[in-house]
Structures are given as structure tokens and as C-alpha cells.
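Visitor: Structure provided below as C-alpha cells; questions to follow.
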Amino acid sequence: MKKVKVCSPGTSANLGPGYDIFGLALSKPYDTLEVEKTEQGITISVDGEKAEEISTKVDENTAGVVAKKMMEDFNIESGIHIHINKGIKPGSGLGSSSASCAGVAFALNELFELGLSKLELVKYSSLGEAVAAGAPHADNVAPAIFGGFTLTTSYDPLEVLHIPVDIEVLVALPNIQVSTKTAREILPKEIPINDMVNNVGKAAGMIYALYNNDLELFGRYMSKDCVVEPCRANLIDGYDEVKEKVKDMVYGITISGSGPAIITIPKKEHVIDIENIFKDVWNCPVYYTKVGPGCYVEEIE
């Protein structure tokens, strides 16, 4: 095997009350990565969405950091070239950096037949997130590897729970800049016990809803975060307006990750109406898609 091409999905993290825990893999948008064996070293090329803003230096690129660590740990002596085609806009709130991290970890596991488990791939993938977010975290890379719905319940040791789900979502991507760093810095360092009780209760209810195929309950609780979303809503112009306009057309709506992407669980009969509202307010791309699989191989040479 000389080269492998993989698809790595966009993801939505938090989903309301599941801050830094819940994650959902999307069928679209997605990145494609090609990893090819070379004689020595690691080289990176990027095209697609905002490619000009993405560093190709190994230590400054999320995929490069993951690849370097894996190759050191497994004493891989050959080199590799990583080509990333960005289908997921960086800074969108749809796990763009995570797709690169997860995609390269998955590709290296295939290319060099390392035999790593999905949990081990999540662990390596999360290391690359430190480049984008300042610290390793797994709420996006976990669904990118596992697919479906994931819960990252512990980091020491790393524990990820996976629930296969069949849900359709409608995602808006406003053309608004939201810094992940800023979106984290504005969050409270302490919260009232009542807010904790609310969020734990709603998060638990979402899991119950998944196991009972209750979209209405899942969406209603997804919309009830009282800690993170209220802080971040002001970073996304028009969000409160949109939330009010679509409230009877969706089972649930919330900010995807740190934003600006907005994720909804739409009522099927209102999908077109919701899309029109998104476009009227934000004039932005909209994705109507299913919850998707994790990374998968598209081509092998």
C-alpha cells in the first residue's frame, strides 16, 4: 500500500447542554485527505475552503502534529506527504480542524497497518486539537472517528461512549467570524448549582430520547442549555432573531461548537421554510444532512 485517501466528516459539538462532552458526525460537509508514502520527512499541502489561511508547517498544522506524534511513537522511518482538501470551512463551528486531525490519524492507521482501535485514534487525534484550541480535546474528533453520536466522559483515562443514531439535521453557516479562543474565554468559571442541575438533567434526557427515538424530546432538551449558549449567542448577529422565527418549525436549535454554525433538528414539513429564514437573515450556506459515519477509506493504491 502506497497511498490512501480518506473522507473525514464535519462534526457538531456540545449540542446544547453537553458542553465538551456531546458530539455528532455529519454526512456533509466533509474533508478528504490523501496520505502517501515518501522517502523521508512530513510534507503538507492544502486546497479547498480557506486553504490560504492554513499553515503547511508540520508543527503548526493540526494534521501535521498528529502525524508527527504517531510516526515517532511507531518508529515509522519512511516519510509521508499529506494532501488535505478542505470541504469544511475553518472557524465554522463544524469541526474543521478535527476533521484534519481525525482524517490523518485514520489514514496513517490504514497506510501503515498499525492496528489501532477507534479509542486510540481519538487519543492521537485530540493531540492535534491543541494547535487550534490551545489544549487537547475530543468532543469533535470522537464523532469524526466513531461516527454517530458520542460522549467523551473522561480524559484520564480517555473514555468515549458511542451511540449509532439516525437523525436529519439542518445546519446554517453564517459568514461571521467567531474565535474559538474568545468563545471559550467568555464562559463563566463558576456556575450556580441550579444551572448545573438544569444542564445535567437536560443532557441525561437527551440520551434517554436517543434510545427511545424521540426527536421532539431530544430537540427540546438540546435547546435548553442555560450556561454556554447564553454567553455565545451575542457573538452571532441574528441568532436570537432566527431562534424566535423557527421555534415552531424545529424540534430543537442551538449553536454548533463555538459557532457561528447553527444546528437544528427540523420538522420535515418545514425544512424549506427554515432554509429561507436562514438565507434571509444570513445569506449563508445551508446543509440539510443526516448524521453520518466516521472517517472511512475512499481509495487505496
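Glycine is no exception: its Cβ is also placed from the backbone N, Cα and C atoms.
From Swiss-Prot, here are the annotated features:
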type    : residues                                              : note
BINDING : K89, P90, G91, S92, G93, L94, G95, S96, S97, S98, A99 : ATP binding site
Visitor: By the count of other Cβ atoms within 10 Å, pick out the sparsest of the binding-site residues G91, G93, G95.
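Guide: Comparing Cβ neighbour counts within 10 Å for the binding-site residues G91, G93, G95 gives G91.
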Visitor: Specify all same-chain residues, apart from the site residues K89, P90, G91, S92, G93, L94, G95, S96, S97, S98, A99, whose Cβ lies within 8 angstroms of the center of the Cβ atoms of the ATP site, ordered by sequence.
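Guide: Neighbours found: G10, I88, G257.
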Visitor: What three-state secondary structure does DSSP assign to G93 (ATP binding site)?
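Guide: DSSP assigns G93 (ATP binding site) to coil.
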